[in-house]
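Annotation comment: TrEMBL describes 1-23 as region 'Disordered'. Taken from TrEMBL, the feature compositional bias 'Polar residues' applies to 13-23. The transmembrane segment annotation in TrEMBL covers 34-54, 89-108, 120-140, 147-167, 173-190, 197-219, 225-245, 298-316, 336-359, 371-393, 413-431.
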Amino acid sequence: MTNPQTAHAAASDSASQKEAPNPSLSVTVGIKDLLGLLSVLGIAAGLIANKILIERYNWRIDAAVYREGALALVNGESLYAQPFDMGDISLPFIYPPIGAILFAPWGYFDFITVELAGNLVVIGSSLLLLLCLYLVTNAVLSGRDKLLAFTIAAISWPIALFAEPVFLNADLGQINILIMALVVMDLLPIKRRIPRGVLIGLAAAIKITPLAMLLYFLVKKDFRGIINAVISLLAFTAIGAVLAWENTKEFFSSTLLNLSAEGDSGVDTTFQSNSSIQAMLYRWWTSKADAEASSLPTILWIVLSLIAVAAVAYLMHQLFSRGLHVEAVMVNAMLMLLISPISWSHHWVWLPLWAVVFFVRYRQHRSHPKFLLWSGVILSVMLLMLPPKWWFGRDGVNVFELNFWEKLLISDWTWLSIGLMITLGLGLKAFPKIAK
């Protein structure tokens, strides 16, 4: 027979156990509350940063070109017959017709002024940057902690908005973050609804350079991804052809073939903002005329580009074998920018993402490799300070008259990206290969 006192004591103990808070649960809830608070603060700071970016200008030159292209398309005019008058300068529409089709609503609605168009580009690009930061961080964390990934993205967001490439991208009203977002959404989501390769195909239909990202699929031997990308590219190009046949014919028969020429790109491609292998090589000559008169710069560019492709492909293979898929995407993006003839400073919007990858991977790794920390620190400092390319002035700088060290410094993103990839390659010993 059970002792009543014993039964009462047991019942009391059971009740107290049910009522007593779980210490580990309290800690978890506390951390979640903290992460939630930090996320809110990060988003608030990001909104303030957006307000600052929007109020800097009421006229953004590239957004104005997009709007003029949309108007020309809607009115049945040629996108490429002549550059659009932008006041002090005339600039061409250098995207395929599908690019103008994306902006077509701007041509239909009169209330979308140049100022509003520029603001829409800034806001849209900013939100896409936040999305990219989240997808990159979540991929590094292997999708194990979505709240932590969002918190890191939210905190990084206002800082990334003031990184030089992103800041300049906003000032001009450029769509480089849209192109980057299409690639990131294609390669890095943990769960996907769209077949891999489709969004890269769309990005390449808008701007040719994302085709370089097919190296990711090639190194992984993901031939389905390549096929999807090619089909997507052809499909979106076909849509452009159906809706704007004459413009499509003109673009692929003439405009595309002359994009590297100063008259067709709108700006001298040796201008200090161009951080590509080709621009870096051209600047070593005494003048642009001398460089163009010689076949050596072009030969060197082709040779160095092929070497870069081979080296990056090998590095990506090593990264894949260690499960470092995000880093593989980053180095592929750096290759894309390096081998492209034109990679203006505002094209390098990938760099803030890479800085976040370095920091998150550093904290995630059990031994906290110092090379990851310092890579992130150096990259962040370079992004948030005035880059060396602007130390010698912004307008009227004759890059051919600069001395050796100045010519070296002016190609800042070129050398920095190469240095970071070399550092990453040398630091691979910190990451053991994954057994097959």
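We count from 1, first residue shown onward.
For all residues, glycine too, the Cβ spot is worked out from N, Cα and C.
Predicted automatically and left uncurated, TrEMBL annotations should be read as such.
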- Message: Which residues of the chain, 6 or more past the ends of the transmembrane segment (197-219), have a CB below 8 A from one of its CBs?
- Response: 95-96, 98-99, 102, 175, 178-179, 182-183, 185-187, 225-237, 240, 256, 309, 312-313, 316-317, 320, 328-329, 332-333, 335-337, 339-340
- Task: Give me the stretch from 34-54, 89-108, 147-167, 173-190, 225-245 with the greatest number of Cβ pairs under 8 Å to the transmembrane segment (371-393).
- Result: 147-167
- Task: Name the range, of those listed as 147-167, 173-190, 225-245, 298-316, that has the largest tally of Cβ pairs under 8 Å with the transmembrane segment (34-54).
- Result: 147-167
- By a Cβ-Cβ criterion of under 8 Å, what residues six or more beyond either terminus of the transmembrane segment (120-140) are in contact with it? 46, 49-50, 53-54, 60, 62-63, 66, 112, 146, 149-150, 152-154, 156-157, 160-161, 166, 169-170, 173-178, 180-181, 184-185, 188-190, 325-326, 349, 352-353, 356-357, 360-361, 364
- Item | For the transmembrane segment (298-316), distant same-chain residues with Cβ under 8 A (at least six beyond the ends) | 215-216, 218-219, 277-278, 281, 328, 331-332, 334-335, 338-339, 341, 421, 424-425
- Contact set, same chain, for the transmembrane segment (89-108): CB under 8 Å, 6 or more residues outside the stretch: 61-62, 65-75, 79-80, 82-83, 117, 205-207, 236-237, 239-241, 243-244, 247-248, 251-252, 255-256, 259, 264-266
